[in-house]
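Student: Quick one: the structure is below, and I'll ask about it shortly.
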Amino acid sequence: MKPSFSLPHFVNDQLDQFKISDKSFSSRLMLGTGKYKNLQDAINSINVSGANIVTVAIRRAQNTKNLGRTNLIDGLDWSKLWILPNTAGCESAEEAVRIASLGQEIVKKLGQFDNNFIKLEVIPDSRYLLPDPIGTLKAAEYLINKGFVVMPYIGADPVLAKQLENIGCATVMPLASPIGSGKGLRNLLNLKIIIENAKIPVIIDAGIGTPSEAGKVMELGASAVLVNTAIARAKNSQTMARAMSLAVESGRLTYIAGRMPISEKAEPSSPILGISK
């Protein structure tokens, strides 16, 4: 009989649930829904990943519906997934607020009546797609007052992250590098500072290109990662989705386990005391 192995109770029980506001989730990998080869590829990748939270661009979903086309929203089982509507494409705070309200209508039609989540994106920069810190702060404050669970996408700015936490944001979502670039962890020091200072979940969003990069930020103490292009543009999206899932889980376990101290000198693996010469 093979020996069985189970994780310590503190890893797999309620103490390590990923919580946003008053909702708990079992997976710390969140997925985007754009850039897939086709609709079925997206659905299969999401299913393989084990992700609980899937983000959908409100504008794209609305435009697809208006054109009478089948979209990803119609193809997913929303009794098993939590939709995170986002304000992608909004260039101002005012526009983001308006689109967020439209997103609430879509969410309610899917039967998630207690879902007030919004991924806030205010991006006037069309070249590098860098978020507007002032517009984000302005829109976040308004949406929080309206009862939204606000999850702002931001640059890797520790001061802004703390300001957003202080006004009541449920999470902060700093970028690792520009959206869709696959450049990886270009702001690692700032991400470390944000994670260290935060009392709310820190979700690393944008720029992650490989599972090792996802695992690295989880090792540092990030609460979760959101991945889209790295999976959607992989040669085999389903395999990459599985790899990302394993990396996120591995990184989280590493963080909980605690890394060994780094030593300047070598230390023998086996004790030499008592060994005869």
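First residue shown is number 1, and so on along the chain.
Every residue gets a Cβ built from N, Cα and C, even glycine.
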Student: Do you know which of Gly180, Gly215, Gly251, Gly258 Swiss-Prot groups with Ala206, Gly207, Asn228, Thr229 in the 1-deoxy-D-xylulose 5-phosphate site?
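Tutor: Answer, per Swiss-Prot (1-deoxy-D-xylulose 5-phosphate site with Ala206, Gly207, Asn228, Thr229), from Gly180, Gly215, Gly251, Gly258: Gly180.
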Student: How many Å separate the Cα atoms of Ala206 (1-deoxy-D-xylulose 5-phosphate binding site) and Lys119 (active site, schiff-base intermediate with DXP)?
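Tutor: The separation of the Cα atoms works out to 13 Å.
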Student: I want the residues beyond Gly180, Ala206, Gly207, Asn228, Thr229 whose C-beta is within 8 angstroms of the mean position of the 1-deoxy-D-xylulose 5-phosphate site's C-beta atoms, in chain order.
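Tutor: For the 1-deoxy-D-xylulose 5-phosphate site the neighbour list reads Gly32, Pro178, Ile179, Ser181, Gly182, Asp205, Ile208, Val227, Ala230.
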Student: Sorry to bug you, but what's the C-alpha spacing from Lys119 (active site, schiff-base intermediate with DXP) to Gly180 (1-deoxy-D-xylulose 5-phosphate binding site), rounded to the closest Å?
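Tutor: Each residue's Cα considered, Gly180 (1-deoxy-D-xylulose 5-phosphate binding site) and Lys119 (active site, schiff-base intermediate with DXP) end up 17 Å apart.
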Student: Whole-number Å only: compute the distance from the Cα of Lys119 (active site, schiff-base intermediate with DXP) to the Cα of Gly207 (1-deoxy-D-xylulose 5-phosphate binding site).
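Tutor: Cα-Cα, rounded: 17 Å.
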Student: Can you check which residues sit near Thr229 (1-deoxy-D-xylulose 5-phosphate binding site), meaning Cβ under 8 Å from its Cβ, same chain, 6 or more apart in sequence, and list them in order?
Tutor: Gly32, Gly34, Lys35, Ile179, Gly180, Gly182, Gly209
Student: Going by DSSP, is Thr229 (1-deoxy-D-xylulose 5-phosphate binding site) part of a helix, a strand, or coil?
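Tutor: The residue in question, Thr229 (1-deoxy-D-xylulose 5-phosphate binding site), is helix (DSSP, three-state).
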